[in-house]
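Engineer: When I checked Swiss-Prot for this same protein, it listed these features:
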TRANSMEM  17-37  transmembrane segment
TRANSMEM  52-72  transmembrane segment
TRANSMEM  90-110  transmembrane segment
TRANSMEM  137-157  transmembrane segment
TRANSMEM  163-183  transmembrane segment
TRANSMEM  226-246  transmembrane segment
TRANSMEM  256-276  transmembrane segment
TRANSMEM  285-305  transmembrane segment
TRANSMEM  309-329  transmembrane segment
TRANSMEM  352-372  transmembrane segment
TRANSMEM  373-393  transmembrane segment
Amino acid sequence: MNASSVVQPLLTRGMKAVLVSQFFSAFADNALLFAILAQLKAQFYPDWSQPILQIVFVLAYILLAPFVGQIADRFPKDRVMLFANSFKLLGAFTICLGYDPFLGYALVGVGAASYSPAKYGILVELTDGDRLVKANGLMEASTIIAILTGSVVGGFLSDWNLAIALLVCALMYGIAVVANFFIPRLSAVRRDKGWNLKKMLTDFASACCILWHNKGARFSLIGTSLFWGAGITLRFLLVLWVPVVLGISDNSTPTILNVMVAVGIIIGAGAAARFITLKTVHRCMPAGVLIGVMVVIFAVQHSIWASYVLLIILGIFGGLFIVPLNALLQESGRQTIGVGYAIAVQNLGENIAMLLMLGLYSLVIKIGVPVVTTGIGFGTLLALTITSLWIWNRFQRN
């Protein structure tokens, strides 16, 4: 055993602080979403407006994509995370004070867009090598546990008292802000970068091109974009599927079903960290195809207990699929354009996929397609798309 392995364990003080900050920030993100959805339902907004809420959030990611990567690399990432969580806190308070929920959630989106490159980029500064996959596994597990608890708390509190639900979300963002102060001060990776707007846009476009021409990065970008686009669409599909198929109209049941997915992703993320390395990352592809298959199976059944089991299995496949792809992209970014830029490009791809999938989903619901039919079509399309990516990637490697 060498000295570096003794003095640099995976769970350092900095890593623990990052995980705590991520947990409470993600907790609030998910609780707030379900609280606002309950607010929209209480105020009789149409069903198709629900995905519009997420589209407003996603637009912040897309519009800020050329800039947040440079911010993450230009400033210490611990300070960037602090600023981003503070902006989320501002958005939550805006909603608590009675302002338009779409406006408040857009402010939360600005904070989230700034936060993402820093939270993943900081992992590279706190660990390295194959431990990066394990660090990503911990980050994903922390995030999914937050989704699990945040979704449930958001749903149950919204059924009980909507105002308290919103205040709890703001409190959780406040705790995340405090946790950021316990992350050791880090140095900026690329302090020499300037702030010329035209150059930033040009640099970002160049970064997109560099990553796209890297086989590993391109594969990861497409895979993670499909995963998160599908994941957020499934979340809204569940909100409509539950009352139609199960006949349950509360706010907590859809959150519990989302929790089942989260439990599965925790298991899958742990398995990915244990059995998949950067050299064997392509083992994740069968799991990606099976995500779509599980969506189809889930959509056509009518049992709440079967729903729990099917969504846990779906989540396991999701964890096995996403964790190796995230690690592959970060490693590709470190070798080319910097992790901050790489994560910003990844966010752009993922959020464009979310925007397109949510827009299509909103349109399908607006024109009256039954929710079960929507689920079958969604799962089939996802499975076929990931299968095509798998075949295309094998062709590229050969």
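Quick reminder: no glycine exception, Cβ is built from N, Cα and C everywhere.
Surface or core, plus neighbours and distances: that's what I need for these features.
Structural biologist: Within the same chain, residues 50, 53-54, 81, 85, 88, 92, 95, 101, 104-105, 108, 112, 115, 119, 122-123, 126, 138-139, 142-143, 145-147, 149-151, 153-155, 157-158, 162, 165-166, 168-170, 172-173, 175-176, 179-180, 182-184, 239, 251, 254-255 sit at least 6 positions outside the transmembrane segment (17-37) and bring their C-beta atoms closer than 8 Å to a C-beta of that stretch.
Long-range contacts of the transmembrane segment (52-72) within the same chain: residues 33, 36-37, 40, 80, 101-102, 105-106, 108-110, 112-114, 116-118, 121, 190, 193, 200-201, 203-205, 207, 232, 236, 338-345, 347-348, 350-352, 354-355, 358-359, 362, each at least 6 residues beyond the stretch ends and with a Cβ under 8 Å from a Cβ of the stretch.
Taking Cβ pairs closer than 8 Å, the transmembrane segment (90-110) reaches residues 28-29, 32-33, 36, 39-40, 52-53, 56-61, 64, 163, 166-167, 169-170, 173 in its own chain, all 6 or more past its ends.
Remote same-chain partners of the transmembrane segment (256-276), defined as residues 6 or more beyond its termini with a Cβ less than 8 Å from a stretch Cβ, comprise 133-134, 136-138, 140-141, 144-145, 147-148, 151-152, 155, 231, 234-235, 238, 242, 283-284, 287, 307-308, 311-324.
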Engineer: Should anything in the same chain at least six residues away from the transmembrane segment (137-157) have a Cβ under 8 Å from its Cβ atoms, list it; otherwise answer none.
Structural biologist: 10-11, 15, 18-19, 22-35, 38, 119-120, 123, 164-165, 168-169, 172, 250-256, 258-259, 262-263, 265-266, 269-270, 272-273, 319, 322-323, 326
Engineer: Ranking 163-183, 285-305, 309-329 by Cβ pairs under 8 Å to the transmembrane segment (373-393), which is first?
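Structural biologist: The listed stretch sharing the most Cβ pairs with the transmembrane segment (373-393) is 285-305.
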Engineer: I need to check the long-range neighbours of the transmembrane segment (352-372): which residues 6 or more away from its ends have a CB within less than 8 Å of a CB in the stretch?
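Structural biologist: The answer is 46-48, 51-52, 54-55, 58-59, 62, 225-226, 228-230, 232-233, 236-237, 240-241, 244-245, 299-300, 378.
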Engineer: What residues in the same chain, six or more past the boundaries of the transmembrane segment (309-329), come closer than 8 Å to it by Cβ-Cβ distance?
Structural biologist: 120, 132-133, 136-137, 140, 144, 211, 216-217, 219-221, 223-224, 227, 231, 257, 260-273, 276, 278, 280-281, 283-285, 287-288, 290-291, 294-295, 297-298, 301, 342-343, 346
